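All remarks here apply to the structure that follows.
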Amino acid sequence: MGLLDCNAQILPSSTTLNAQKMESRTETIKMDIGPSPSFPMERKVHIQISGRQIIQTKLRKSCSCTTKRLKNVVMDFFPVLRWLPKYHCREYIWGDVMSGVVIGIILVPQAIAYSLLAGLKPIYSLYTSFFANIIYFLMGTSRHVSVGIFSLLSLMVGQVVDRELLLAGFDLNDDDDAINCYAIGVATHPLVLTLLLFFQVLMGVFRLGFVSMYLSESVLDGFATGASLTILTAQVKYLIGIKIPRSQGHGILLTTWINIFRNISQANQCDVITSVVCIAVLVAAKELGDRYKQKLKIPLPTELVVIVVATLVSHYGKLNEVYASSVSGAIPTGFIPPQLPNFNMMHRVALDAVPLAIVGFAFTISLSEMFAKKYAYTVRANQEMFAIGFCNIIPSFFHCFATSAALAKTLVKSSTGCQTQVSSVISAVVVLLVLLFLAPLFYSLQKCVLACIIIVSLRGALRKFRDVPQRYHMNKVDTLVWCVTVFSSALISTEMGLLIGVLFSMLCIVVRTQRPRTALLGQIQSTAFYEDDWEYESLCPVPNAKIFRFEAPLYYANKDFFLKSLYRMTGLDPTLEAAKRKKNEKKQKEHLKEGNRGTIVKGSDQADTALHLVPKQVDFQTIIIDCSSVTFLDTAGIITLKEILKDYNELKITVLLACCNPSVIDSLKRGDYFGKDCKKMHELLFYSIHGAVQFARDRKLLADGSAV
């Protein structure tokens, strides 16, 4: 029978010689494979390099300045320098131009519409769309992502804008020129939020791209859906043309709906009719586009058509003058001179920058990786952090606000034949034409039309509610995470919703490791394999042995659950059993002492007393712990296993470990689980469950033979 041998000699093989050349030595571990002969497995023990040496090596490599290294650094920072010289003009140009023009046409109405969410004038949204596309073209690693105005970030920026205006003592419902001029000035103050998004750049410098993995799909979907409810609620007042106070703080959704119903009698009939017609046209066009998207080479520019027609109707019908319908107002042309943001407000908006940075990066890297996988290329998460960070930092000097990748525009971009980020330059040119020449034409555009565009664009996020039954069927825990994130984002606030979603998601992981699945295993007939006796039928119990499986790492948070499950499933708590035996021994001694004193006891009473004093016999002599699902042990886990070994050994019950991975074995060695110099390792640790079972059977036979 092949057992683990901790002190075996090094085998003189070619593998060993090669390993020695790599400055590592090997130790031979004999592994059992059931009934077949044993074979040696060589465990490499690598020479560990100190942390100081690693840091010195990295600093030496990073600080070396050569022409080649400088060139690589520049080309890594500006990926466009790598792929643009290899651009296949004949193959790519038509798809890039087509997708760029389409996205540019879509960007214009969306930028004007999302300005309502951000609490800014439409010109700032157009600036943001223009600069973001240019910078991502230079620094982004994704070929298909469309960076620009994003509804969630616009909403988050708008909440900060409203808060600062209220702190300045202004009525947010006033529309006179003086208030608007001051509001524009105040609105540029929170643009330091975007400068504070250097947090994204710092994450790229320190290679913290891995943090995106903590934002699970359930959290991101729930956050987007919950924020969509808030966005929809914020647009209802524009749909029906009423003026209500803007809510601040927590519970915005409920407060806004209460104010809407209180002021519903003041609804503007012109805005209501316009909203009904626009929503009907937009929804019908979207449904037709989805149904016939395979036949349509480019998506229908429905938003642009609706805006053009609505603007013409509003202008020639004089809806603002006759029906007091709210319109967009004057949109200036050209660019405002750049200026430094107001750093005096830095301390007041610093906390608001953190969720903006995290949300912007999370959605960007998720979309980048999704489309990179679809079209078989790679993206660099840390470079994406740089790209999005600079898409926010540099434009902040040009009166722009927070931006990131947007799913809807990215889907349109890929479906219209986009090949590279050259399409972003084309989109920027389209926006530039609007900024220079066409912006004043949107003066008479009703705000209710913009609200309709925003609400219809939320269809995808709101349809997530239909997927709840399917999501619940797939994974109940993920569904719970999604629901908690949705309702906390909608009912509390968007920032708190994201934080609560992440924390709750992590809590679910901790809880699942605290109370993992446990099982007693039985043998599959005539095989060397063992499975859960609760889940499978016709499994054979192993005589005189209990095989226990624990499906989680063993650490401080679940060690008590591990012990309770082991005691419950084996039917034996060694601590209580030892206490009972000591108590019985004490009673037996007292009984014998009384007998020696000549106490007269009846025969039947004496037999009953003797039977009561005999401890209950245990129907097993071996416990095998299947460690195949134990990924790691901490100090508490090692101590727990050592206590189990000691307590059961006192009851003459052997504890064997099987299927341990190398890291678990190393932890047990460091904790002296196998005794000094691992002398007992070959008796306590086995490569397979079947090897441990055979060892227990052989030892039982030897014990029986010696007894005979």
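Cβ atoms are placed via backbone N, Cα and C, with glycine included.
Not measured: the values here are computed from a predicted model.
The domain 'STAS' annotation in TrEMBL covers 535-696. Summarising the annotation, TrEMBL assigns transmembrane segment to 92-116, 145-162, 182-206, 353-372, 384-405, 425-458, 479-507.
For the transmembrane segment (145-162), the residues of the chain that approach it from at least six positions outside its boundaries are 103, 107, 110-111, 114-115, 117-120, 125, 128-129, 132-133, 136, 172, 186-187, 190, 193, 223-224, 227-228, 230-231, 234, 246, 248, 252, 349, 352, 355-356, 359-360, 363-364, 367-368, 371, 387-388, 391, 401-406, 409-410, 412-413, 424, 427, 454, 457-458, 493-495, judged by C-beta separation under 8 angstroms.
Highest Cβ contact count with the transmembrane segment (425-458) among the listed stretches 92-116, 353-372, 479-507 falls to 92-116 (criterion: pairs under 8 Å). The average per-residue pLDDT of the prediction over the domain 'STAS' (535-696) is 83, rounded to a whole number.
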